[in-house]
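According to TrEMBL, the protein has these features:
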DOMAIN    B:10-522  domain 'Cytochrome oxidase subunit I profile'
TRANSMEM  B:29-49  transmembrane segment
TRANSMEM  B:69-93  transmembrane segment
TRANSMEM  B:105-129  transmembrane segment
TRANSMEM  B:154-180  transmembrane segment
TRANSMEM  B:192-219  transmembrane segment
TRANSMEM  B:239-263  transmembrane segment
TRANSMEM  B:275-296  transmembrane segment
TRANSMEM  B:308-333  transmembrane segment
TRANSMEM  B:420-442  transmembrane segment
TRANSMEM  B:462-484  transmembrane segment
TRANSMEM  B:554-572  transmembrane segment
TRANSMEM  B:578-599  transmembrane segment
Amino acid sequence: MKGWMGKTKALLLFTMLSLFLTACGKENLTALVPKGYGAESSMNLIILTTLIMVGVFVVVMIIYVIALVRFRRKKGQEDFIPKQVEGNHTLETVWTIIPIVLVLIMGVPTVIATFDLADTSNASENINIEVTGNQYWWHFNYDGEEIVTSQDLYIPTGERVYLNMQSSDVIHSFWVPSISGKMDVSPENVNTMYIEAFEEGVYWGKCAELCGPSHSLMDFKVIAVSPEEYDQWLSDMQAVDPEQEPQDTVAQEGKELFEANNCMACHAIGSSPAATGPNLTNFGDRTTIAGILEPTKENLIDWIMDPESIKPGNKMTGAYPSVSEEEANSIAEYLLQLKPSEITPESAGN
Amino acid sequence: MSNAATQKRAFSAVLWDYLTTVDHKKVGILYLMGGGFFFLLGGLEALIIRIQLIKPENDFITAGLYNEMITMHGTTMIFLAATPLLFGLMNYIMPLQIGARDVAFPFLNALGFWLFFSGGILLNCSWFLGGAPDAGWTAYAPLSIQSPGHGTDFYVMGLQLSGAGTLMSGINFLVTIVAMRAPGMTYMRMPLFTWTTFVTSVLTLFAFPALTVGLFLLMFDRMFGSAFFDVALGGNSVIWQHLFWIFGHPEVYILILPVFGVFSEVLPTFSKKRLFGYSAMVFATFLIAFLGFMVWAHHMFTVGLGPVANSIFAVATMAIAVPTGIKIFNWLFTMWGGSIVINSAMLWALAFIPSFTIGGMTGVMLGSNVADYQYHDSYFVVAHFHYVIVGGVVFGLFAACHYWWPKMFGRILHEGMGKLAFWTFFIGFHLTFFIQHFLGLMGMPRRYWVFLENQGLDTGNLISTIGAFFMTIGTIVFLINIVYTAVKGEKAPADPWDARTLEWTIPSPPPFYNFKQMPLVRGLDPLWIEKTEGNGKMTPAEPLDEIHMPNGSILPLIMTAGFFIASFGFIYQTDHKAWLIALYAGMAIAIGCMVIRSLKDDLGFHISKEELEREAD
């Protein structure tokens, strides 16, 4: 009997635990398992407000259920006329004062956290990165480092990184749920926020403001590596020689095609700050192709040959002469060999 | 043969009657039919959205069409379904509740309806003319300015037309309540539904002009080369967000306050008890309306307005929980000690309390702006506003339909089908939207055409879609119920629910002049007072005499047609200047109608005393 009980209990516990874990969503995407400073601030308030609100809900439901059960009309009560109560001043006062107190309990920490997260007074002493939102990709320019990347944002753990964000077209919103809440990236002015990742990892980022047909495909990654690895990455990236020739002939051909088709008009390799198209300096280390596809050669060939079928409304479609599959293969080979650094998403435990 | 001919004549006569009517009851029914039609359309769009999201990386519809779907779903449900359905109820019921024979400006009332309806039709014409608007129902610039084709132009003109109609109705209701109450119907004796109509009309009066201004600026940017929202030319797109939400947040209360009124009628009636804390309820309504204008920027917490603005709007937002809490507790204590009957109308009201409380709770949680940095533009927000608008407004509309159907159409909706519709819709609603709170926090932003595989979002989305099908079934059962009731439904007496307010003192459906003699109101819940302290009948406040009634008119319809034609002129003159002809011709028709209306005396007609005496009591 007892063994059976114990087993049931263990099973129950296990089910609850797995339910809880799946209910929290995918690690490094969900806001429910915060792994950064902003996400943690938000989570604290989410927990506080949820607890208070669930408390209110329970009180409402208790009164509701008792009223329904006790005062539901029973057989033979058809002619019963209840006492016509006008109201009750004491009760009215109680349910006015208590919510005011609850609002204060939630309001004060909210205001404190608001000013904390908006505090950018130390920005100049920290890493600053210019973030540009574009339909439908992200551009990252590391201030003072002569490093430009796109889609994958490398940051060191345990350090505040200030993002100065602006859009080149419509409004986007920068959201990495596990690390931080979101902030809009608008064409109007520069919005500054800071992010800080507590532990290494590859975190999913999303665009959270409707920006056109491929709004849902504007994913990016934040790759948090240890400060040492970050320094290594910086020096590797700074050492890139854009003119370096690939080793094998296919990639060599790819590089020629890349130049012949004028891909460089939009796609810089090296530290050019222009943000016409995604910078491809470390393309071979990217976690994805076009932000959403597995980084395989087949996917890259598909993307080069027909980007419209993958990201509707993207700006690359029709911007270059059509290429044959063989040509696309060579370009893909070349691009996937662009691996300037030993620090890759794997370094962050991907 | 001859029979068929009379029937045909009768049909065209009815049609003509409705096209020219200025009777608030018929205008109300037109609103309900128009709003109902758009509700089904918006529901269909919702279903398509949910089917697209049934599995990861689905390709049921294209990305472009998906954005059109979400834009039209939101726009349709807010402007063309919820608002007109509520305005229909207010139109029909409010004058009856205050003992009036019509609204203050019957002609304007009809014009308001036709403008709303033509605006809705205009907006939906876009589906067939190159594509619907696709920048979201919020139409944020610069996306809405860059949106290709004419979709957003239809959005601008359609909303401008229907918005003008709504604004007119708001003014009309205000004047009606101020000026046309029956003898003895003081402000603090008005039923709560009339009170909420009053406050809603005040909100409409102040909120819609902000939308009108925003739409005009957008219209000039898109059609006449101005650059109010164009950053490159020195404009500012955040202005649109401010204008939109200065309108948009009060709009939420324009929707929810009337149904607060509905529940404040339904709960006392079926608890057989007067509304607990009447004056607190009235006060809370005003407080919600006032605070409703102070919180718009909580829709913009992530815009980067700075910590001071964010903090102020956060605390103001949370403060709305106080008057809303007052309302919830007063409803609970209305039930407390009562004799509660549970029928279809009451079921919707009872389901409203927990459902809306959840919506209100998440509202407070969203008010904490630091938490909102995570919730904002995620499925958490989608869940929140559907709990408020479906769990509040739609539940309220269903409750109101069951409650007032006998009054409006003389027949009682079928109880069995009513309950079946309730349970399927109620379960479907929670299945669809509860899980979305978690989807949002698990990292699913709203307005996503697809979600990728392996992101832990599959199960939640599947459940949500299953729920949507349950809601569809519930809606279909309700439609069948309407048809069944029209054919075979139980005939309703004047007061089928043993209710408390003035509309139940006259026959179901009411005669076109409503009250043969103005009733004398002796207190709150006048019918209940007469039932418990008098002979159950209202004492007339005037001797039986001729009644002055307004004439019907086709002018509102023609005037609206003029605006409708002119709208096409506005939209297409950017392609070809020949369309300016449509613009001028349409405006000429509309202004011509105004001139005729102003110059031609229409003194209405009188119902003679003899005719009234002939009518049986």
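Sequential numbering from 1, following the chain as shown.
Including glycine, each Cβ sits where the backbone N, Cα and C put it.
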Problem - Contact check, the transmembrane segment (B:275-296) vs the transmembrane segment (B:192-219), 3+ Cβ pairs under 8 Å, seq sep 6+ - result: yes
Exercise for the section: State, in range form, which of B:105-129, B:308-333, B:420-442, B:578-599 has the highest count of Cβ pairs under 8 Å to the transmembrane segment (B:462-484). Expected result: B:420-442
Handout entry: Positions on the same chain near the transmembrane segment (B:154-180), where near means CB under 8 A and six or more residues out
Key = 71, 75, 79-80, 83, 87, 90-91, 94-95, 98, 100, 103-105, 108-109, 111-120, 122-126, 129, 132-133, 135, 139, 144, 190, 194, 197-198, 200-205, 208-209, 211-212, 215-216, 218-219, 222, 560, 563-564, 567, 570-571
Exercise for the section: Report, as numbers and ranges, every residue of the chain located at least six residues beyond the transmembrane segment (B:29-49) whose Cβ falls under 8 Å of a Cβ in that stretch; write 'none' if there are none. Expected result: 18, 21, 60-61, 66, 69-70, 72-73, 76-77, 80-85, 87-89, 91-92, 113, 116-117, 120, 124, 408, 468-469, 471-472, 475
Problem - Segment-level pLDDT (mean, integer) for the domain 'Cytochrome oxidase subunit I profile' (B:10-522) - result: 96
